[in-house]
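Participant: Right, I'll just put the structure down here and ask away after.
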Amino acid sequence: MADQQLGVLKALDVAKTQLYHFTAIVIAGMGFFTDAYDLFCVSLVTKLLGRLYYFNPASEKPGSLPPHVAAAVNGVALCGTLAGQLFFGWLGEQLGRKKVYGITLIMMIVAQLLPKTRGAFIAAVFAMQGVGILAGGFVALAVSSIFDKKFPSPTYAQDRILSTPPQADYIWRIIVMFGALPAALTYYWRMKMPETARYTALVAKNIKKATQDMSKVLQVDLEVEERAEDPKLNYGLFSKEFLRRHGLHLLGTTSTWFLLDIAFYSQNLFQKDIFSAIGWIPKAATMNAIHEVFKIAKAQTLIALCSTVPGYWFTVAFIDIIGRFAIQLMGFFFMTVFMFAIAFPYNHWILPDNRIGFVVMYSLTFFFANFGPNATTFIVPAEIFPARLRSTCHGISAATGKAGAIVGAFGFLYAAQPQDKTKTDAGYPPGIGVKNSLIMLGVINFVGMLFTFLVPEPKGKSLEELSGEAEVDK
């Protein structure tokens, strides 16, 4: 039935881009929107929670979350995401992507696009992450600005108690609440969309239903050709045939995603601490709680506008021109270069006159993460595996990435502490310092570049050609 199923899929490959495709991008991308929104906001929330609930009037520094609480706040969502990606990736193969509306369905929603533009559309779905980051920044800026004007308060150095007004408790709640709205609004529209044709045809083996759905969506007449199924293509995930065809591919997608997320999540979750360490953000004691939220949100939003978000859209623009492999290799390479460039001469960059240079170099690591492996590690697993195993393999790859994010979130939290125990945050043991932590991230990026050579180039090929499902009995 392999060729029979390819009839409707070939028609999809030559179909023109329509409004349906852009609707799918927005609906599917909302998962990334909310994920990135939460990722942006968690650093603000942890600062504010520390000042609100762990205030010590005898301390010269504002309150901060104890290590175990900070680790839980930073890492608990990542742990849940890891488990969800494994489970829902598998469940997506059993029930269909429409019924299992999770992160791993996204790779199939836009799989009906041309080989010439498929990468750009999947990258556009992923670029909703950038929109979520900006949304988090603008919401935090707006809320903190309003509260700062309405409830002016002294700095911590001026009055330790009044520097954190009780109204500040509403700020983090409002910021977090806004992150749930897009997902709630999107759920209804996803349920109105049909199941993806490649799942219906290649997994559920209902060619008639796939043809009817896509005829309606694409507004074209599609015919079904009756042909026999090739039994050689029915291998499972744990079979020798899968290992022979895709074993190294799965190792490549999991390892690169794992390594990328160690660096990417470390940089995102703790950029506020890095910027404070070099003096770009004023010391907490010189600000009140609300103004500190505003300052951090302003700094992180600026980084997102100038580097993070442009990186996403550079990928959208160039992925089907220079290919996934080249973008991923280039991204890891420049992430390594710029990370080492700020890490080894770290003592030079923390001088007041050199701080802007540090920020520019640090921003470039974000740019090449997104015009690089942060996008391609998501895209490639959505293309190279057989349709009946694609959701599972993508879920495994994504979950491995979240394992890397957990390593980054927990590891950097402790590793970046000063080596001098008198300078560590309350409750933390001495670490290896920011400089050595950045060097470690540079090494991780370099190893990611090496593992990229295990990943094939999907550019210009149909999904069936990539997975081997275009093969027929001879």
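Every residue gets a Cβ built from N, Cα and C, even glycine.
Keep in mind that TrEMBL annotations are predicted by a computer and have not been checked by a curator.
OK, TrEMBL features for this one:
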TRANSMEM  20-49  transmembrane segment
DOMAIN    24-460  domain 'Major facilitator superfamily (MFS) profile'
TRANSMEM  69-92  transmembrane segment
TRANSMEM  121-147  transmembrane segment
TRANSMEM  170-189  transmembrane segment
TRANSMEM  301-319  transmembrane segment
TRANSMEM  325-344  transmembrane segment
TRANSMEM  356-375  transmembrane segment
TRANSMEM  395-416  transmembrane segment
TRANSMEM  437-455  transmembrane segment
Participant: Mind pulling out the one from 301-319, 356-375, 395-416 with the most Cβ pairs under 8 angstroms to the transmembrane segment (121-147)?
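Facilitator: Answer, by Cβ pair count: 301-319.
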Participant: Near the transmembrane segment (356-375), which same-chain residues lie under 8 Å Cβ to Cβ, leaving out any that are not at least 6 residues past its ends?
Facilitator: 123, 126-127, 130, 256-257, 260, 263-264, 267, 271, 274-275, 278, 280, 303-304, 306-312, 314-315, 318-319, 327-328, 330-332, 334-335, 338-339, 341-342, 349-350, 448, 452
Participant: Restricting to the same chain and to residues at least six past its boundaries, which positions have a Cβ under 8 Å from a Cβ of the transmembrane segment (325-344)?
Facilitator: 256, 260, 263, 315, 318-319, 358, 361-362, 364-365, 368-377, 380, 435-436, 438-439, 441-442, 445-446, 448-449, 452, 455-457, 459
Participant: Looking only at residues six or more beyond either end of the transmembrane segment (437-455), which have a C-beta under 8 A from one in the stretch?
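Facilitator: Sequence-remote neighbours of the transmembrane segment (437-455) are 248-249, 251-253, 255-256, 259-260, 262-263, 266-267, 324-325, 328-329, 332-333, 335-336, 339-340, 342-344, 346, 373, 380, 384, 412, 415-416, 431.
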Participant: Take the domain 'Major facilitator superfamily (MFS) profile' (24-460) and average the pLDDT across it for me.
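Facilitator: Averaging the confidence scores along the domain 'Major facilitator superfamily (MFS) profile' (24-460) gives 82.
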